[in-house]
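Comments concern the structure below.
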Amino acid sequence: MGVLDRIRQIRYYSPMTQVVMVGLVCFLCPGMYNALNGMGGGGQMDRTTGNNANTALYCTFIVFGVAGGAIVNLCGVRWTIAISGLAYALYSGSYIYLNHTGNGAFTIAAGAILGMGAGVMWAAQGMIMVSYPREEEKGKYIAVFWVIFNLGGMIGGVLPFAINYHSESDSLSDGVYIAFVILESIGALLGLALAPPSKVVRDDGTSVVLVKYTNATQEAIEIVRLFLNPTMLLLLPMCFTSNFFYSYQFGPVNASIFNIRTRGFNNILYWGAQMVGAYALSFLLDSKRLTRRQRGTIAFAIVAVFFNAIWGGTLAQQLKYTHGPSAKETTDYPGGLLDFLEHQRAAGPIILYMLYGLGDALYQNLAYWIIGSLTNDSQKLSRYAGFYKGMQSLGATVAWQLDAKNVAYIDQLIGNWVLLGISLVPMLFVIISLKDHSEEAADFEEEKTGSTPQLSISGKDAN
């Protein structure tokens, strides 16, 4: 093997290369889904089908999110991510059928299938993102992934904005959905280019995993242990809350007070702000001047203050309008639907919506950093990531049904605000219990659970 070949191999098998690659997969798959979902109701005038599809999605996501870590451990990252990516393409394509038939059954079924794929994909993604880097680099790696991933949502927002710029329709055209299907299919294929974790080597020469085989029985036992683990139970409110606000932000706000092209414009700002938030927070989370506990506590304070300020501003906006007994009824926002060219009317609500994205990035990045601080064991982290996404999906399932059942917007807002408050206390307790090194944090966890951390990867990943 020549020198150039060795350099290429080192670069390919480096943790950063792999995180960038999984970021590109999520750029093209979940990123496009986020752009579509951010339109409210999947870009449809009637949000009922989109809300029910999201409910079906998150119902299956609960199961496959929690089991996702075990599936990844047994089957490897490449094929699980690639097959999962195809589920995103199927979901986007189902809206073309909906456009022409008005029958939402296929879209709802596609949502359920997507929940299966998404649960597995996010378990694999979470394991790669928080277990591959060294301890002092985890904030940076999370930020790099988050920037690439949300660039997908940002660019995905450009598509409906540009294609529907002159459209009078309140629903997206077939062309937008076709573009999403193509991009998501490319993302699925890119998943096959990922390297097995057993071959990934850090810059200091250490491997990201210690090779040891696992089996279905052991993985089933570890899934049960997740629900007996005091640390995971303390983080459950954080997990439950972390995507709960999407249904309110995407539906009662974006889809209810803005016209179709401005929804796409808002998505550009929303996901763009996510990139800024993730990048900015990474400097604090990786700071060498502060202990891990100090970094976490300061980040927690920023998140708590910022989110409460956001919901305060949202309350002031929500008091201006309500919704009727039918989701098909037009909004009663003063002056009618907002257009981004109406600067005086639209500027405030658009800026507030952009801040939603910034707040989401701060919360999600802190959550992943906390999980990544518990251990360096890639297999445990795949299970932790799966637990996080599964319980997150449980919250999202409830949230999407609230909007589907036409629960008053003000009640949805209050529910989001209360859940945030409930999540903060146990979240802070876990942060102040962190040690400066993940190995010690794992010992702290072991003392509580009585289990011994194990490093293991599947036979497929060992090849």
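Residue 1 is the first one shown; counting continues down the chain.
Just so it is clear, glycine is given a Cβ too, placed from its N, Cα and C backbone atoms.
Annotated features, as they stand in TrEMBL:
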TRANSMEM  12-33  transmembrane segment
TRANSMEM  53-72  transmembrane segment
TRANSMEM  79-98  transmembrane segment
TRANSMEM  104-130  transmembrane segment
TRANSMEM  142-163  transmembrane segment
TRANSMEM  175-195  transmembrane segment
TRANSMEM  226-248  transmembrane segment
TRANSMEM  268-285  transmembrane segment
TRANSMEM  297-316  transmembrane segment
TRANSMEM  350-371  transmembrane segment
TRANSMEM  414-434  transmembrane segment
REGION    442-463  region 'Disordered'
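Most Cβ pairs under 8 Å with the transmembrane segment (268-285) belong to 142-163, among the candidate stretches 142-163, 175-195, 297-316, 414-434.
At the 8 Å Cβ cutoff, the transmembrane segment (350-371) and the transmembrane segment (142-163) share at least 3 close pairs (sequence separation 6 or more) and count as touching. Most Cβ pairs under 8 Å to the transmembrane segment (226-248), among the stretches 53-72, 104-130, 142-163, 297-316, 414-434, belong to 414-434.
When Cβ distances are compared across the two stretches, the transmembrane segment (53-72) makes contact with the transmembrane segment (104-130), since 3 or more pairs at least 6 residues apart fall below 8 angstroms. Non-local neighbours of the transmembrane segment (175-195) in the same chain are 12-13, 18, 21-22, 24-29, 32-33, 35-36, 43, 77-79, 81-86, 88-89, 92-93, 95-96, 99, 128, 156, 159-160, 163-164; each lies 6+ residues outside the stretch with a CB under 8 Å from one of its CB atoms.
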